[in-house]
Amino acid sequence: MFFKCWLKFINCLVGLMGVREYLDNSKLSRGHWRITLISGMSFFTDAYDLFVIGIVLLMLRPIFNLTPAGIGIAASAALFGAVVGPLFFGFVGDKLGRKSAYWITVSILIIAALGSATSANLIQLIIWRFVLGIGIGGDYPLSATIVAEYANKRDRGKLISSTFAMQGFGLIAGIAIAFLLLYTGLPTSTIWRLLLAIGAVPTMTILYARTKLLETPLYSEYLGNESKASDALGIVSAKGRTIKAETAEGTNIFSKSRINSMEFLRKRWRIVFATAASWFILDASYYGTAIFTPYLTTFLGFSGIFGPTEASALILLLAAVPGYWVAVALIDRQGRKSMQAVGFFMIAMSFIVIALFGKAMLAYSVLLFFFIYGLSFFFSNYGPNTTTYVYPVELYPTQLRARGHGIAAMSGKFGAAISTLFFPLLIAAIGQFSLLGALGVLALLGCVITIALLPETNQKSLSETSAETEFVIITEVMGSEFSRLMGNIVKGADLIAETEKDMSKRKANFKRMRELEHEADLNVKFIMENIINLKANGTAYMDVSHLASSLDDIMDAEEAVAARFVIFDIEKADGSMLEMMNETRLCIDSVYKSLVALRDLQTDSSVMQRLSSLHEEGAKYENRVDNMLREALASAMKMSNAKTIIKYKEVYERMEMISDRCIDALDAIGDVALRYAYR
C-alpha cells in the first residue's frame, strides 16, 4: 500500500513539475551512482592504458628496436584514434540517441585491447592502438552526456567528475598489476602482452549493463516521448521504480526544438573555442608528461624497468590520484571556473619553476624536484583535467550536447596526440627542462582563456547553463504563443475594417472585439505562466513581459477604437478613418512578420537584417498614419458641430494610437533580437 501511494505521489510530482524540474530537484540515489559506475568503467580502462603503455614501450624498446620516432608513434596512436572517436560518436549520440552506440564503444575497447596484446610487430600494435583510441574517444561524449542528463542539479558536477575520476582507480590498477607482473619474474616479452590484454577485463564487466541502460530523460523528452522519459526517471528516483508522467500531450515545449547546428556553433563561438582550446592545452601538457614520465625519469638517473616504473608510480599515486577525488569533493562547492583557472595556473607555475631551477633542485634534493613535478599532476586532476570534461555537456543544449562535448574532446585528444608524438623528439632536441617551460607557458594561456571566456555553471540546471531555456523562449514562447496573441490582434484589426464598411454591425462587432481582447489577455497570462514554469532568468522574464505588454497594448487600442464607434454612435466612417485603418493594418502586418522571423533568430543568420527592414517598414506606415491624423484633425476642425468634432477627434487619435503601439512592439522585438542573437 505504501509503495503504491509513493508511486502515485511521484506520478503527480512529475505531472506537475515536468521532467526537467523533477530531475533537477531529485535526491542523490543509488541509481545515480549505478549510472556513474557503468559510464566510468571506460575511463578506468583509459587511465590503466595511459599508465601501462609507458611501461610497455620501455619493454618494447629492445624487442622491437624502437627509435624515438617509433616510441612517439606507438604512444600517440591511441590518442590519434581518440581524435576520431569523439566527433563521430558524438554525432551518433545526438542523431540516434545516447544509448544506441553506448555498447559499441565498449566492444571496441575490448576487441582492441586484446588485439594490441597479440600484436606481432610495431605496425600491428599501432593499428590496434588506433582502434582502441576510437573506442576511448567515442566514449567521452556519450558517458559525459548520459551522466549529465540523468543527474540532479545539486550533484551534477560530482557525478560527472566521479565518472572521470574512475581514471584514478585505473591508474592504481595499472600500477598494481604492472608491479605484480614485474615481480613474478616472467619474461618481458610476456609481461607487455598481459599488461595490454588485462585492459579488456574492466569493460567486459559493464558491456551487458550498457545494452540495458534506458535512454536519458532529457533526450527522450527532446524526442517527445514523455513515457520513456518517465521510465528513465525511475532509475534515479528514490525507490528506483518506473515513474509514469501525467503531463498533457503536447505540453513539452522542449520537444524537437529547432536548432541549426552550424548556426548555433557560429553564434556560440566563444563557448566552442573556450571548451575546445582549454581541453587542447590541458591534454597537450598532461598526456605528454603522463605517458612519458617513465621515459622522462630515465634522463634523471633512473634505469632499467623497475626504476622508472617506481618513480612514475609514486608520482601518480601520491599526486595524480588524490587530485581526482579532491575535484569530486569540491566541484559542486567551489565551482568549475575557479578550479580550472587555479589548476592551469598551478600547472604553469610547477613547469616554469622546474624549467628554471630543475637542475639545481636535482642537485639539492631529488625529493623536492618530484614534489614540484607531482604538483602539476595534482592540480591537473583537481582542475582542468576534470573540468574540461565536465564543462562541454553543461554548455550545449540537448540537441547538440554530445556533439559539443565531442568537439571539445576531439580538440583535447588532438593536443594529447601531438604532444605525445613529438614529446620524445622535443626532449632530444631542446631538453626536458625547456620542454616543460614551454608547457608552462601554454598552461598560462589556458588560465587566461578560462577566466575570459567560460561561465560558471555550478548549481544551475542544464537548461540554464546551456541557454536551452532561452532558446525555447525565443523559438517557442515568443514564436507559438506570441503568434496566437498576434492572431487575435490581426482579427481585431480586420474587425475594425469590417465595421468601418458597415457601421450597422458596430455593436455586434464590439462584442466580438471584447471576446478577442479577453482571449488576448488569456494569451498573455499563459505566456507569463510559461516563462515562470521555464525558470527563466530575470532578464529573459523582463524581455518576454515587455513584449507581451506591448502586444497587449495593441489589442487594447483596437478595443478602444471599436468602443468609440459604439459610444459615439458613429453611423458612417469617413475617408480619413478608412485610410488610417488601411495603413495601420500594414503596420500590424510588420509586427506579425517580425514575430514570425523571431522564431528563426538562432537558426538563420539573415533574421537580424529582416527584422531591421520590417522595423523600417513599420515606421514608414506609422509616419503616414501620423500625417493622416494631422490632416484629419484639420478637416474636423472645419466642421460646425462641436460634438461631431470631439467624436471624430477621439476616434482619429485612438486609431493613431494603434500604430504607435505597433512601433513599441517592433522596438521590443528588436531589443530581444539584439540580446539573444549572439548569445
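Placed from the backbone N, Cα and C atoms, the Cβ positions cover glycine too.
According to TrEMBL, the feature domain 'Major facilitator superfamily (MFS) profile' maps to 35-458.
Positions annotated as transmembrane segment by TrEMBL: 35-60 (among others). Proximity of distant same-chain residues to the transmembrane segment (35-60), defined by a Cβ-Cβ separation under 8 Å and at least 6 residues beyond the stretch ends, is recorded for 66, 71, 74-75, 78, 105-106, 109, 113, 122, 125, 129, 132, 135-136, 139, 143-144, 146-147, 150, 159, 162-171, 173-175, 177-178, 188-189, 191-192, 195-196, 198-200, 202-203, 205-206, 209-210, 213, 235-236, 287, 290-295, 305, 308-309, 312, 316.
Marked as transmembrane segment by TrEMBL: 66-89 (among others). If you look at the transmembrane segment (66-89), the same-chain residues 6 or more away from its ends with a CB under 8 A from one of its CBs are 49, 53-54, 57, 60, 101, 104-105, 122, 125-127, 129-142, 287, 291-292, 295, 402-403, 405-410, 413-414, 416-418, 420-425, 428.
Only residues 6 or more beyond the boundaries of the transmembrane segment (101-120), in the same chain, are considered here, and those with a CB under 8 A from a CB of the stretch are 42, 45, 49, 85, 89, 92-93, 128-129, 131-132, 134-136, 138-139, 142, 146, 193-194, 196-197, 199-200, 203-204, 206-207, 210-211, 213. Positions annotated as transmembrane segment by TrEMBL: 101-120 (among others).
The feature transmembrane segment is assigned by TrEMBL to 126-147 (among others).
Counting only same-chain residues 6+ beyond the ends of the transmembrane segment (159-184), those with a CB under 8 A from a CB of the stretch are 32-33, 35-37, 39-41, 43-52, 55, 143-144, 147-148, 150-151, 191, 194-195, 198, 202, 305-306, 309, 313, 316-317, 320-321, 324-325, 327-328, 331, 381, 385-387, 389-390, 393. Sequence annotations record features per position, and here TrEMBL assigns transmembrane segment to 159-184 (among others).
Taken from TrEMBL, the feature transmembrane segment covers 190-209 (among others).
Look at TrEMBL and you will find 271-292 (among others) tagged as transmembrane segment.
Here the transmembrane segment (312-331) has Cβ contacts under 8 Å with residues 51, 54, 157-158, 161-162, 164-165, 167-168, 171-172, 175, 178-179, 290, 293-294, 297, 339, 370, 373-375, 377-383, 385-387, 390, 458 of the same chain, all six or more residues outside its ends. What TrEMBL records for 312-331 (among others) is transmembrane segment.
What TrEMBL records for 338-357 (among others) is transmembrane segment.
TrEMBL lists 363-383 (among others) with the feature transmembrane segment.
What TrEMBL records for 404-427 (among others) is transmembrane segment.
Remote same-chain residues near the transmembrane segment (433-454) are listed as 270-271, 273-275, 277-278, 281-282, 284-285, 288-289, 336-337, 340-341, 344-345, 347-352, 354-356, 358-359, 384, 391, 423, 426-427 (criterion: CB distance under 8 Å, separation of at least six residues from the stretch ends). Annotation comment: TrEMBL describes 433-454 (among others) as transmembrane segment.
If one looks beyond the transmembrane segment (404-427) by at least 6 residues along the same chain, the residues whose Cβ comes under 8 Å of a Cβ in the stretch are 68-69, 71-73, 75-76, 79-80, 82-91, 93, 133, 137, 140-141, 144-145, 265, 271-272, 275-277, 279-288, 291-292, 295-296, 299, 388-389, 391-393, 395-396, 435.
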